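> Handing you a structure now.
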Amino acid sequence: MSNSERQPLLHTNPNRSWRRSSRQSLPPTPTSPTTNGTLFNNNGNSRNLNRIRFASAAILLSLVFERIAFYGLAGNLVLFLNKDPFKWESYHAVDASLFFFGMSFVMSLIGGWLADAILGRFKAIVISFVIYIAGYVFMPLMTTRQKNDVAFVNVSLPNICKWGDGRDKDGDGDTDPFDEPCASMIFIALTVIAIGTGFVKANIAPFGSDQVAREGQQATLSFFNWFYWSINLGALIGLSVITYVQQQESFFYGYLASVCCLGVSALLFLAGRCCYHVRTPDGSVLTNIFRIIREAFRRKRQRAHEVLIRTAATGNDASSEVDEAEPVEMRISFLDYAKHRHGGIFHDALVDDVKSLKKIFAVFAVLIPYWLVYFQMQTTFLLQGLHMRLLMPFASRMMNDTTMDLIKLQNTTVAPGQPQLVAAWFSLFDVIMLVFLLPLFDRIIYPWWERRRGNPVSISWRIMLGMIFATAAMVVAGVVEHFRLKAFWPYPDLPCINASIDQEIGKSVYQAADFSILWQIPQYALIGLSEVFTSVAGLQFAVSVAPRSMKAIIMGLFYLFSGIGSFMGTAIIASLSSGNTWFHSRDYGNINCRLPCTAKDNYVHQSCHLDYYFYLLAGIELLGALLFLLVAKVFQLDEHHRHSRSANNLVESGQNFLDSTGLRHGRGGHDMPNSIQRYLSEDAAAASP
């Protein structure tokens, strides 16, 4: 029995008399249920509305500060590991960053399952914040308190890193990132933080939906408009302010500010406890999926055993027995064995819902190369930018020696005190593209296309177009890297003489090419353009064709496949570096390396080629686009979408994709467009008791 069933419907005092004669002749004020099951009059409804607003505000403000903390770590992790005092090799720093992204997205699926099946969303979020903060407090402890503007000194590793200082930088190179300085503590901290942020990511959106689910569709849509505005506000502050402090001042103060923001986020979330509508866990759809698969295995084995028994009794061949006696059984699919009508224990509709997910799995699988490309923004793009000229366009350089001796060109340095651009800022160009293009396409281009052609823009066409833009982004990045290397090594007849500039970032000196970082803008913009099409359209299709009972699990699967894309990047870099292909174990974080020019001993002449890596990713993404065309043809994606029961609602949504800028692995990271979340929230409202 629910709490509302145990309570009387109306609490009155029989000894109380009405003192206002004006109300004696009026009928009782109509009452209406609220989210906590209590009945209120009109004044009660007003109080309940205030409670909902307070609960929503607590969640949204908490989200802003949590996103600041997330991007305070994710935005500059490569720089943190690549510079003093750690000096991780470049591809190892990229590996660690890809590992963090992948782990956080995979943990989102697990966090959603735990909340639905065991903990409930409120408890899951509270526990997530505890884990999140416990991991994050290690980050300031692994830094130094010295500001970046002090004289350069040889900074030693923090005391907390004594668990394993890793390899000696003067010793032999190693292709194992776990042999890097302080690797044990760093990977432990990143794993704990990834668990925390993944659990929060999975549950805070549906928990916010629970608060407004009974207030109607417009209230839900309004909440998620503010939800994605909050995501992007946090991403903007984290990627602009926190990364500036880290690059120009100190990582200690940057991480300390992030930890404080995370603590404020937890306190704000707890402050709304008095007004939250907390639902108890009612079981996970993911659990039911595995149960249906297990039941199908069990029933199929049992059916095969029954056929063998009949064969032994009659002496007929087993295959002919099945063909003659059970022709229907031969035509059913594997999961059909779990249906009640075929001897299983599950309702036919539930099994059909699970079977319908195969189209979504196929689409998500062919999108893995796209997420592999997408995650280059916070990894290899950042690494490339750190080795380009960060000076503002109006700033100047100075020479240590005015002679024309080519050897002296290697000693060019940046004039002290010159303003520098922050390499992590360029991820914001992706945000800018989304903010401007999403409403443009949603309000002008897509309606114009539909009026002109008579049909809305095809889902397959949009996904394919986004993949093409992602491929173009990698080609452009490769071209930029080619010319960057050419600017660094400008003398074909003198292969070991470079024209680098010594660029100080904190206490580290980067040998950068005299090639402006502004040339990176097109590749970031192309990634943003691809996101307008592929990431939004892919998730729109998945949710629109998914059965109502399965919509809540779609985001978990979306995060899972995004994480697989990140881990795929880690695997590719590890395989290339292990064979000294384009990345070398003796580069010591210098992506400009030419061996033996940048090594102490004589080795076979080899060069670092990040440009080749970008071209490889372009080829992988192009292959993914071809596979998507095959999937679209086999599963008839546009036809399924056109006849899905959710398609009309997607077209009618006035701000269909306006706030999908949260799709960043993540701003991410991969957060849903408001139209997609709208469907999930409608399901939550329909399922509310």
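Quick reminder: no glycine exception, Cβ is built from N, Cα and C everywhere.
Pulled from TrEMBL, these are the listed features:
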- 1-42: region 'Disordered' (REGION)
- 1-16: compositional bias 'Polar residues' (COMPBIAS)
- 32-42: compositional bias 'Low complexity' (COMPBIAS)
- 54-74: transmembrane segment (TRANSMEM)
- 94-115: transmembrane segment (TRANSMEM)
- 122-139: transmembrane segment (TRANSMEM)
- 185-205: transmembrane segment (TRANSMEM)
- 226-245: transmembrane segment (TRANSMEM)
- 251-271: transmembrane segment (TRANSMEM)
- 360-383: transmembrane segment (TRANSMEM)
- 422-441: transmembrane segment (TRANSMEM)
- 461-480: transmembrane segment (TRANSMEM)
- 524-545: transmembrane segment (TRANSMEM)
- 557-576: transmembrane segment (TRANSMEM)
- 612-635: transmembrane segment (TRANSMEM)
> Taking 3+ C-beta pairs under 8 angstroms (sequence gap of 6 or more) as contact, is the transmembrane segment (461-480) in contact with the transmembrane segment (422-441)?
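No, these stretches are not in contact.
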> If you count every Cβ pair below 8 Å, which range out of 94-115, 226-245, 360-383, 557-576 shares the most with the transmembrane segment (185-205)?
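Comparing 94-115, 226-245, 360-383, 557-576 against the transmembrane segment (185-205), the winner is 94-115.
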> Which listed stretch (54-74, 226-245, 251-271, 524-545) has the most C-beta pairs under 8 A with the transmembrane segment (94-115)?
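By the under-8 Å Cβ criterion, the transmembrane segment (94-115) pairs most with 54-74.
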> Thinking of Cβ pairs under 8 Å, which stretch from 54-74, 251-271, 612-635 has the most of them with the transmembrane segment (122-139)?
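Highest pair count goes to 251-271.
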> Are the transmembrane segment (360-383) and the transmembrane segment (251-271) close enough to be called in contact, which here means at least 3 C-beta pairs under 8 A that are separated by 6 or more residues?
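These two segments do not touch.
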> Relative to the transmembrane segment (226-245), which of 251-271, 422-441, 557-576, 612-635 accounts for the most Cβ pairs at distances under 8 Å?
422-441
> By a Cβ-Cβ criterion of under 8 Å, what residues six or more beyond either terminus of the transmembrane segment (54-74) are in contact with it?
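Contacts with the transmembrane segment (54-74): 97, 100-101, 132, 136, 139, 193, 197, 200, 204, 207-208, 211-212, 223, 226-227, 230-231, 233-235, 237-239, 242-243, 246, 254-255, 257-259, 261-262, 264-266, 268-269, 271-272, 275-277, 378, 666-667, 669.
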> Take the transmembrane segment (612-635) and find every residue of the same chain, 6 or more past its ends, with a Cβ under 8 Å from one of its Cβ atoms.
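Long-range Cβ neighbours of the transmembrane segment (612-635): 359, 362-363, 366-370, 372-373, 376, 380, 460, 463-464, 467-468, 470-471, 474-475, 477-478, 481, 572-573, 576, 582-583.
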